[in-house]
Ligand SMILES: NC(=O)C1=CN([C@@H]2O[C@H](COP(=O)(O)OP(=O)(O)OC[C@H]3O[C@@H](n4cnc5c(N)ncnc54)[C@H](OP(=O)(O)O)[C@@H]3O)[C@@H](O)[C@H]2O)C=CC1
Ligand SMILES: O=C(CO)[C@H](O)[C@H](O)COP(=O)(O)O
């Protein structure tokens, strides 16, 4: 039997929770953190699990406290801290030892690091971990990239600590080197889009109908009982219901409207565009966070640019629910197209049904929708497109009119709906047999002699432009 000794560097939000999860499943592990006091705090609150956690004061001591073969997991910020941790570890490791990066790393970094470690006789896994602190503690969804052999060595550990969906662990080996981190990146892109769609619906009710957070919370709570059931809808209902103890106001009313972002949403869009894929709904979500950060500009522009008498509007709740349903499906569809493009480009052979299945528990985008997505991928997809499956085609066709009503009312009232409007535009574009790029081809031929194809005969042609 393959006996592996476990270690962990970075005992922060995710690392601390994963350490307790591993300990709870019977694993002893050595811990190292830049600030050693963090480990003391973790061990102090670990209760019965404390004897399984060994504090070390340096990377050298961490490695010495373990017996080969070792597997050391990094839960440190993406970028420089991952490289610094690898560089500190490498001189002390033995051939066959494994470093696992469980952070949100750029998949290209993971590819380069895998090559570097393998050249040194070491092994590397890039693992996307989703579920936040609670998921890490009680069962995250994990997307593993790396060699089949390394995965097999560690599979039982991952399966022990993963979320469980009806008896199946929410972890899978998805492909080599950067495949796991790429899938996690797109997972986060979908997360951005879903969060943005939810925030826009909140905005429509707040600014269009002057509804209170408490009222809007009840609506999301009701939706969470139906087909829109998801972790993000659930926490939205909770967030909107929460009261700030200092002021007695709803917490959301005291939170500044500027969203942070660490990079995964932006990377999703960059990679999508690089591969010639549309990520317009995800891009709208990333762009919205960027605009949100320019608070002073928005405050001035409201005075300078806004028309004075915008109409008061109302939204039908069923329309909002249907609009959400359509936009969410389209955002997932864009995400899975990006995964398909990357799988083709890098030869990963991604299993899309499996990806949907390991997202059904533990992760931030877990939702009832993922069952339908998995079913669609397990059957024959017309043109390989999720939106053309019988189930999703019927869903989209049956609900899109509501999305049109919501978006057009919002536009007339001046309430921003970048993700919802991107969704309806993308829907219209992908479902229109005759587009307008014939004119773009004419323009390109006029200014650059780029040529065009004709609809009535084969070949490349130029126009006789005067
Ligand atoms: N929070 C979340 O919901 C999720 C986060 N992630 C990803 O997991 C990773 C960790 O995130 P999270 O736990 O939230 O972050 P935290 O900020 O809570 O913890 C970061 C940890 O990394 C350590 N650290 C920081 N810089 C360095 C460095 N240069 N070298 C070594 N260690 C360093 C910190 O040490 P010290 O305590 O001394 O500062 C701390 O232990 C990130 O890549 C993040 O994107 C993934 C999924 C969900
Ligand atoms: O990976 C995650 C959830 O799945 C992390 O929470 C991540 O930090 C979210 O991204 P951002 O900070 O950019 O909103």
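Even glycines carry a Cβ here, placed using N, Cα and C.
So that you can see what the record holds, here are the features copied from TrEMBL:
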BINDING   104, 130, 131, 132, 187, 188, 192, 262, 289, 444, 450  substrate binding site
DOMAIN    180-466  domain '6-phosphogluconate dehydrogenase C-terminal'
ACT_SITE  184  active site, proton acceptor
ACT_SITE  191  active site, proton donor
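The structure, with features from TrEMBL marked on it.
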residue	record	contacts (Cβ under 8 Å, 6+ apart)
104	substrate binding site	78, 128, 181, 184, 185, 188, 262, 263, 264
131	substrate binding site	139, 140, 141, 163, 362, 363, 364
187	substrate binding site	128, 130, 143, 335, 359, 363, 364, 365
191	active site, proton donor	232, 265, 364, 365
192	substrate binding site	261, 264, 265, 268, 282, 285, 286, 289
450	substrate binding site	441, 444
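Cβ crowding, taken as the number of other Cβ atoms within 10 Å, peaks at 184 among the recorded positions 184, 289. In the three-state DSSP scheme, residue 192 (substrate binding site) falls into the helix class. Contact annotation for binding-site residues (104, 131, 289, 450) versus ligand 1: 104, each with CB under 6 Å from a ligand atom. Checking the binding-site residues 104, 131, 289 against ligand 2, the ones whose Cβ sits under 6 Å from it are 104.
Take 104, 130, 131, 132, 187, 188, 192, 262, 289, 444, 450, the residues named in the record as contacts for substrate: the widest Cα to Cα gap among them comes to 50 Å. In the three-state DSSP assignment, the secondary structure recorded for residue 104 (substrate binding site) is coil. In the predicted structure, the domain '6-phosphogluconate dehydrogenase C-terminal' (180-466) carries a mean pLDDT of 97.
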